[in-house]
Amino acid sequence: MARLPPGIHFIISFSRDQWYRAFIFILTFLLYASFHLSRKPISIVKGELHRFCTAPNEGEVHFHSQSQKAGDTAPHRLPGNGTDCGWAPFDQDNYQQLLGALDYAFLCAYAVGMYLSGVIGERLPIRYYLTAGMLASGALTALFGLGYFYDIHSFGFYVVTQVVNGLVQTTGWPSVVTCLGNWFGKGRRGLIMGVWNSHTSVGNILGSLIAGFWVSTCWGLSFIVPGAIVAAMGIVCFLFLIEHPKDIACSSTLVKHPKAYENGTHRFRLQKQVLTDERSKPLDPEMQCLLLSDGKHSGHQNHVVILPADGGGGMAAISFTGALKIPGVIEFSLCLLFAKLVSYTFLFWLPLYITNVDHLDVRKAGELSTLFDVGGIFGGILAGVISDRLEKRASTCGLMLLLAAPTLYVFSAISKMGLEATVAMLLLCGALVSGPYALITTAVSADLGTHKSLKGNAHALATVTAIIDGTGSVGAALGPLLAGLISPSGWSNVFYMLMFADACALLFLIRLIHKELSCPGLATGDQVPFKEH
């Protein structure tokens, strides 16, 4: 008999469950990356909406950004604009406040909607809920860009578009985190979630490149193209998203067998699901799975207990106040408020800052700003790996927050010295700022949403995720708004505000860090550490 081709050998080396799990990992990654892709254009287009102005009673041109230099070309008027300052109504001296208000409109609506989204989402089919949100978000993102083609200069039009878009985008995060939490167990959750959460940075990078391609020639397409991508991914979601392993008779978790029981290319085996009366067990299913996989309290160490496939599907959805009572939810929520304030200030204002400080045009500034997101990818993965190895989520976040504050100060000073220094500091700041944010919104949320006190109630995950991310989104709304109000007095003051926010984020984790150091392995939602063999 001929040997199997290497490609086929690779395919059959993984079980059916593993292939489905990998498929869901990639699909949810792409779905939420498209959401972030659609949020990035506004930060890229800011430099084009307010480009340059003619000083009052003077014939010379003064530039408020470095997208063009005096004397290069004669000032030109945008269609129907009537001024030389860019796109009305962002052509006035208060343009920074107006642009900050656009950010605030989107993010404030997102924060308010997030609290409701988790409660609604866990009572509706995830696939339908997420599909509807993505189609609506794609349409609204494109609608903002249509303002260019239809010569719309009403500030109210752009604000209302941002508000409604912020509301519909709240369908995304609770849905994808719940879906991923259904498919993946606790083993190496920090690493898995850290890699998966790089969708945020990947989406930001793609959004920057796509928006930057058209920003100087036709900024309307900087919104329409990302909007079309989000809508297309919504259709993909409807066609392919599998909400729970039980829907296709897969197991809820995948636990590796001891090597003595490996059989050829089949490295993993799944035992039949064990369904027993909850009252007959002294421990909850999660705890029993952990103990048995560790070879303790069982006379049959070569058997692996898998969590029930229904994941508590018959249980009632958890209440908002019930979710708040889970240990660690309030502390991590408040920490994320300030951590996300810093992250989203960079997301919405970094290209404009680079334009003003490094004297680059709008497109090059947008491309350079993607280095912050590249650093964010490594930061999220690093945070996940460290927290898995140390089994200390809060301590990992605290360490990165402690290092982030002085790094922001160094960045504000060095970025004025040249392009090379800016590149290095963007990577470092991206890693330290995005690391805690990524860890809290993914692995920590999933840990708390599957807390042992919930007794396997899978309905809690969406609500806990929405509470944590919704509270963080309040900070995401405040950060860009404060940056718009403070930046006219100097960019240094913006960085002082960001450093203060990092210090506040660290302060809210002090109790949990102390708990982790005094009781190792029990701080993040009082979890029992997972041990692999």
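Cβ coordinates come from backbone N, Cα and C, glycine included.
Feature annotations, reproduced from TrEMBL:
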TRANSMEM  20-37  transmembrane segment
DOMAIN    27-517  domain 'Major facilitator superfamily (MFS) profile'
TRANSMEM  98-116  transmembrane segment
TRANSMEM  128-150  transmembrane segment
TRANSMEM  156-184  transmembrane segment
TRANSMEM  196-215  transmembrane segment
TRANSMEM  221-242  transmembrane segment
TRANSMEM  329-350  transmembrane segment
TRANSMEM  370-387  transmembrane segment
TRANSMEM  399-419  transmembrane segment
TRANSMEM  425-448  transmembrane segment
TRANSMEM  460-482  transmembrane segment
TRANSMEM  494-513  transmembrane segment
Contact between the transmembrane segment (156-184) and the transmembrane segment (494-513) (3 or more Cβ pairs under 8 Å, separation 6+): no
Maximum Cβ pairs under 8 Å to the transmembrane segment (221-242) - stretch from the list 20-37, 98-116, 399-419: 20-37
The transmembrane segment (98-116) and the transmembrane segment (460-482) contact flag, 3+ Cβ pairs under 8 angstroms: yes
Contact ranking winner - 196-215, 329-350, 399-419, 425-448, 494-513 against the transmembrane segment (460-482), Cβ under 8 Å: 329-350
Selection from 196-215, 329-350, 370-387, 494-513, the stretch that has most Cβ pairs under 8 A to the transmembrane segment (399-419): 494-513
Interface-richest range of 196-215, 370-387, 494-513 toward the transmembrane segment (329-350), CB pairs under 8 Å: 494-513
